[in-house]
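Written out below as structure tokens is the structure these notes cover.
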């Protein structure tokens, strides 16, 4: 009998692990380590008198991330669903605490970090994971209410508003955009009415637009984005240096370690703008490969979501869709900012940019997805009734 003829729940344990997902995850993390070492070497040598300062710390974060992932992968998804409410309250509490002077750590004008000894935790990263878990739980339990009533539409909108408001107080405009866009997409997939969804989009666009217009430095970023070369030595400096890096790379790049932009020309070369260094050292070909790996990872996550939906597992399905959408938005924004397609925002490239909080939460999200896939592979299939409207739309959206 061929393996394809054996039901998933009867396969050996080693074959129930999603090796495709695991290999993509490890490949992106490995590339991240190499690129952090390359992009940060000059800055680390001058600032810390140790060329491998950031690379060493990145290795520590990778080890911590994998240890945390091993812990998370052992937690049943039913536990996350049951404790989604307390998780939300704890996260909101942390978002408030980080704003208190003397407790929250201010870096580059933003108060986003809580110092925990050897590591500073960026609370907005925890908020992203919390949002996926909480709203997947909420929509799985109340998708009929979401589809047929105003209450089901307004309740999650209120929670999103609290999240976004606290993030903007830090301020963290980029995370607020990613989080709200992810939740809005999850609401649509879960079955919110089309005209409710359109109203949601208009509220979101109007709100974020108002925040940008009323904030002078955000407005300046928008103006600079439209023509960065008009003020290339001041407000447009970072973006123009990033574009120069893309131009230097041409088709195949200058080679690993040969970037010129990382030599104090491009600020944040090892964090928010690491994709520009990838494009400079490996060219268009290397940039396309990185994007391709992310596309493959996201597609696989969405396939896992669809498979869980087909089995009637609503919470894991919506949570997996949330993780896939979250990664999609964050990769799109980071790549778009680096290449000049979007206004500058402070968002990391998942798995690749230097940043302990980002890497740890990315590992947690991947372990969460691995757990969802593993549970679906060992579950004995049960007959599933004709899906209701929210499920039907979800299947059609992922087909």
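Indices start at 1 and increase along the chain as displayed.
Backbone N, Cα and C define each Cβ position, glycine as well.
The topological domain 'Cytoplasmic' annotation in Swiss-Prot covers 1-20 (among others), and the record cites sequence analysis as its basis.
Long-range contacts of the topological domain 'Periplasmic' (42-58) within the same chain, counting only residues at least 6 positions beyond its ends with a Cβ under 8 Å from a Cβ of the stretch, are 32-33, 36, 262-264, 269-270, 354, 356, 359. Among the features that Swiss-Prot reports, topological domain 'Periplasmic' is placed at 42-58 (among others), with the record citing sequence analysis.
Per-residue confidence over the topological domain 'Cytoplasmic' (80-83) averages 96 (mean pLDDT, predicted model). Per Swiss-Prot, topological domain 'Cytoplasmic' is recorded for 80-83 (among others), and the stated evidence type is sequence analysis.
For 105-115 (among others), the entry in Swiss-Prot reads topological domain 'Periplasmic', with the evidence type sequence analysis. If one looks beyond the topological domain 'Periplasmic' (105-115) by at least 6 residues along the same chain, the residues whose Cβ comes under 8 Å of a Cβ in the stretch are 94, 97-99, 121-124, 170-172, 346, 357.
Residue counts of the topological domain 'Cytoplasmic' (137-147) by helix, strand and coil are 10 helix, 0 strand, 1 coil (DSSP-based). Annotation source Swiss-Prot lists topological domain 'Cytoplasmic' at 137-147 (among others), citing sequence analysis.
Here the topological domain 'Periplasmic' (215-281) has, by DSSP, the following mix of helix, strand and coil residues: 36 helix, 0 strand, 31 coil. The topological domain 'Periplasmic' feature in Swiss-Prot is assigned to 215-281 (among others); the stated evidence is sequence analysis.
Counting residue by residue with DSSP, the topological domain 'Cytoplasmic' (303-316) contains 11 helix, 0 strand, 3 coil. What Swiss-Prot lists as topological domain 'Cytoplasmic' is 303-316 (among others), and the listing cites sequence analysis.
According to Swiss-Prot, the topological domain 'Periplasmic' annotation covers 338-348 (among others), on the basis of sequence analysis. When Cβ-Cβ distances below 8 Å are used as the criterion, the topological domain 'Periplasmic' (338-348) is approached by residues 110, 172-175, 177-178, 221-222, 224-225, 228, 238-239, 242-243, 246, 271-273, 275-276, 279, 330, 354-355, 358 of the same chain, each at least six residues removed from its ends.
The annotation topological domain 'Cytoplasmic' is assigned in Swiss-Prot to 370-399 (among others) on the grounds of sequence analysis.
Positions annotated as transmembrane segment by Swiss-Prot: 21-41 (among others).
Only residues 6 or more beyond the boundaries of the transmembrane segment (59-79), in the same chain, are considered here, and those with a CB under 8 A from a CB of the stretch are 29, 33, 119, 315-316, 319, 355-356, 359-360, 362-364, 366-368, 370-372, 374-375. Taken from Swiss-Prot, the feature transmembrane segment covers 59-79 (among others).
Taken from Swiss-Prot, the feature transmembrane segment covers 84-104 (among others). Sequence-remote contacts of a segment are chain residues at least 6 beyond its ends whose Cβ falls under 8 Å from one of its Cβ atoms, and for the transmembrane segment (84-104) they are 111-114, 123-124, 126-127, 130, 133-134, 136-138, 159, 162-163, 166-167, 169-170.
Same-chain neighbours of the transmembrane segment (116-136): 61, 64, 80-81, 84-85, 87-88, 91, 94-95, 98, 105, 156, 159-160, 163, 167, 170, 172, 175, 178-179, 182-183, 186-187, 315, 318-319, 321-323, 326, 355-358, 360-361, 364-365, 368, counting only residues six or more beyond its ends whose CB sits under 8 Å from a CB of the stretch. Look at Swiss-Prot and you will find 116-136 (among others) tagged as transmembrane segment.
Marked as transmembrane segment by Swiss-Prot: 148-168 (among others).
Taken from Swiss-Prot, the feature transmembrane segment applies to 172-192 (among others). Proximity of distant same-chain residues to the transmembrane segment (172-192), defined by a Cβ-Cβ separation under 8 Å and at least 6 residues beyond the stretch ends, is recorded for 110, 112, 124-125, 127-128, 131-132, 135-136, 139-140, 143, 146-147, 152-153, 156, 160, 163-164, 200-201, 204, 208, 211-212, 218, 318, 321-322, 325-326, 329-330, 333, 345-347, 388-391, 393-394, 397.
Within the same chain, residues 153, 157, 164, 168, 173, 176-177, 180-181, 184, 187-188, 222 sit at least 6 positions outside the transmembrane segment (194-214) and bring their C-beta atoms closer than 8 Å to a C-beta of that stretch. The feature transmembrane segment is assigned by Swiss-Prot to 194-214 (among others), with sequence analysis given as support.
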Maximum Cβ pairs under 8 Å to the transmembrane segment (349-369) among 21-41, 148-168, 282-302, 317-337 is reached by 21-41
For the transmembrane segment (317-337), could you work out the same-chain residues 6 or more beyond its ends whose Cβ comes under 8 Å from its Cβ atoms?
77, 80, 128, 131-133, 135-136, 139-140, 174, 177-178, 181-183, 185-186, 189-190, 272-273, 275, 291, 294, 297-298, 301-302, 304-306, 308-309, 343-345, 347-350, 353, 365, 368-369, 372, 394, 398
Near the topological domain 'Cytoplasmic' (137-147), which same-chain residues lie under 8 Å Cβ to Cβ, leaving out any that are not at least 6 residues past its ends?
80-81, 84-85, 153, 155-156, 186-187, 190-193, 314-315, 318, 388-390
Near the topological domain 'Cytoplasmic' (80-83) in space but 6 or more residues beyond its ends, with Cβ under 8 Å, are 133, 136-137, 140, 315, 319, 368
